[in-house]
Amino acid sequence: MKFDYVLPPALIGVSIVLVQTQVAVALSKPEVARIAQEITVQINSKSKYGSGVIIKKEGNTYTVLTAAHVVDIPDTYEVKTKDGRRYTINYKQGMKQLPGLDLALVQFTSDQNYSVAKIGNSDEVTLGTTAYVAGFIAPTPAINNPVINFVSGEITANGSQRDGYALIYDNNTQEGMSGGPVINEKGELVGVHGRTNKDPKNFKTGLSLGIPINTFLKQSTKLQPDVGSRPSKTVLATAPKADDFYIEGTNKYQKKDYAGALSAFNEAIRLNPKYLAAYVDRGITRYELGDKKGEIEDYNQALLINPNYYRGYYNRAISRNELGDKKGAIEDYTQALRINPNYANAYLNRGLARDNLGDHKGAIDDFNQALRINPNYDKAYLNRGLARYHLGDNKGAIDDNNQALRINPNYDKAFLNRGLARYKSGDNKGAIDDFNQTLRINPNYADAYYNRGLARYKSGDNQGAIQDYSQAVQINPKDPDAYYNRGLARYKLGDRKGEIEDYNQALGIDPKYDKAYYNRGLARYESGDNKGAIEDYNQTIQLNPKYDKAYYNRGLARYNLGDNKGAIEDYSQFLRTNPNYANAYKNRGNAYYYNGDYDSAIADHNQAIKLNPNSNEAYNGRGWAYYAKGEYDRAIFDETQAIKLSPRYTNSYYLRGLAYKKKGIKDKAIEDFKKVLELNNDSYLSKQAQQQLQELGAK
């Protein structure tokens, strides 16, 4: 159960002096940055990190304005000022939340002299004006001691509501900056940064939300005792404007009320047909509603309004990528980077699109650029590692995933990808260790079970592999590969029935899975179902006419069913792409023999012997063909060679005995037929040999 803590009603007074806007002069960005450094503080506890802005000094007591969610849990908090000094806050006495707002006041005492923010008029902040946000990024494994982060951007909306988040800007804010100041070009405080407008697609315009300073000023008059501050002017009730509907849309979007968000964005655009941000966010909302075409149309409209709006190209690129238009996506990412060459996310995503198109080197170039801009970009290391993996550079892939894990020690995907690279390097144990780590972080990661199954299978642990594939299909029942590979592991354990069932499952999900048909064909063949095997090989070949092994194995099944002509056709097809495969010549030779074409049989066995001089079966097959032609000496020679290669090969003794009998060499014939009975490894030939001995009058 989640509880919302209400801050104690400590009495904190603020006395604000408004700056007269008509005498203020725009400052340069470095000048505003210096002001931000002076007035911005870091606020943290053991579990929370945020920022704040100094708005008042009275004696040695300083008052800091921040976002309430930065200090909403009873704990020991510290304020860190620009000089690195830390001041502990009395939670009960030193904090005050403003009713109905995500704002809080924090007090600390110091004999040091710190600057106080000049208060501006947030009502004068309009669409397109410059805004700066300052704050301290929350610590990461790569950044242990954060410094102030100062980012510039533009205002995209300023609603007329005065009861919460109404200020929207496109500054690239980060976690930990909540509570920091939003500053105008004159160096004045016009808002308090509160949150980033996150999107499940991870490509929203990068918009952030803040509470206008006038909202605070109006609410602060209700503090007891009266703190003596007033808004710069009385705000009269007016009809809702486009910004109001835009903000309403963003709020509804965050609550997953996509239909309501769409309606609000429609109204914002009706009131302001040139409202760029509304088109972009309506596009994202349409994505959630499944309207891909409408989504792209909205991005097109945004780019008509502002052809240099790089985030419009960026968002459209992601949509094109998801629709399968990788080349179009790359074009849009390139446009975004032409306008903003330091857009790390665009390099990252263009790299992904290039990698998907097989341009792994181009992808690596893009990931390098992303890392040049942001050396601690864990996703860039992850994906560069993937591109290196695709190029066969497993060592480079492992190195990149190590870097990703240095930055983010709980990055499950980095453990997964490092495991894949280790697996490809032959390090099955290391791969399994990495997949174990992945599952420790994310116990429901189907791909981790699947990949651990591969490593276990490769290590000979077929039972463990089956368990992992079973976990994978339990999490993702629509993964045909998991069923397919479980079938392979069951094959290794001799479970033909279970193997075939798994191939059936794989084919139920993906009816075009040629390998599943092929392997089911093998399983049926080994189970004695030659007809079923042929049906599966037919399906394999229909889906993939270049699947040469399917021709070869269909030839085996046809041969077993007596279809020698069909077997010859299949072996011939296989030999077109595998002209050095001795067994194919041997098997085709046998099919020619049973089809009565003894010369072709001899020619094929000649080729088989040439390719594999140690094939006793090839000598035996050629011997049968010579015997059928009445060339008994050649038959005897071939079977003698076969026996030298395989002294327990009954078929050769039997055929040589027949040849000796034909030549009238009775004693040698009897000797060979008795050898057949002695070996007794073929019941049919043993019966035939017994009959031959009776005919020869042997005891």
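Along the chain as shown, residues are numbered 1 onward.
Heads up, the Cβ atoms here are built off N, Cα and C, so glycines get one too.
Because TrEMBL annotations are produced automatically, they should be read as predictions rather than curated entries.
Quick caveat, the model's predicted, so the values are computed rather than measured.
Here is what TrEMBL says about this protein:
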REPEAT    276-309  repeat 'TPR'
REPEAT    310-343  repeat 'TPR'
REPEAT    344-377  repeat 'TPR'
REPEAT    378-411  repeat 'TPR'
REPEAT    412-445  repeat 'TPR'
REPEAT    446-479  repeat 'TPR'
REPEAT    480-513  repeat 'TPR'
REPEAT    514-547  repeat 'TPR'
REPEAT    548-581  repeat 'TPR'
REPEAT    582-615  repeat 'TPR'
REPEAT    616-649  repeat 'TPR'
REPEAT    650-683  repeat 'TPR'
The repeat 'TPR' (582-615) resolves under DSSP into 27 helix, 0 strand, 7 coil
Here the mean pLDDT of the repeat 'TPR' (446-479) is 97
By DSSP, what is the split of the repeat 'TPR' (616-649) into helix, strand and coil residues? 27 helix, 0 strand, 7 coil
Sequence-distant contacts of the repeat 'TPR' (616-649), meaning Cβ under 8 Å and at least 6 residues beyond its ends, amount to 582, 585-586, 589-590, 592-593, 598-599, 601-602, 605-606, 608-609, 655-656, 658-660, 662-663, 679, 681
Tertiary contacts of the repeat 'TPR' (650-683), as residues 6+ beyond its ends and Cβ separation under 8 Å: 616, 619-620, 623-624, 627, 632-633, 635-636, 639-640, 642-643, 689-690, 692-693, 696, 698
Taking residues 6+ outside the repeat 'TPR' (276-309), which of them lie with a CB under 8 Å of any CB in it? 156-157, 168, 170, 199-201, 203-205, 207, 242, 245-246, 249-250, 253, 256, 258-259, 261-262, 265-266, 268-269, 315-316, 319-320, 322-323, 339
May I have the DSSP-based helix, strand and coil counts for the residues of the repeat 'TPR' (514-547)? 27 helix, 0 strand, 7 coil
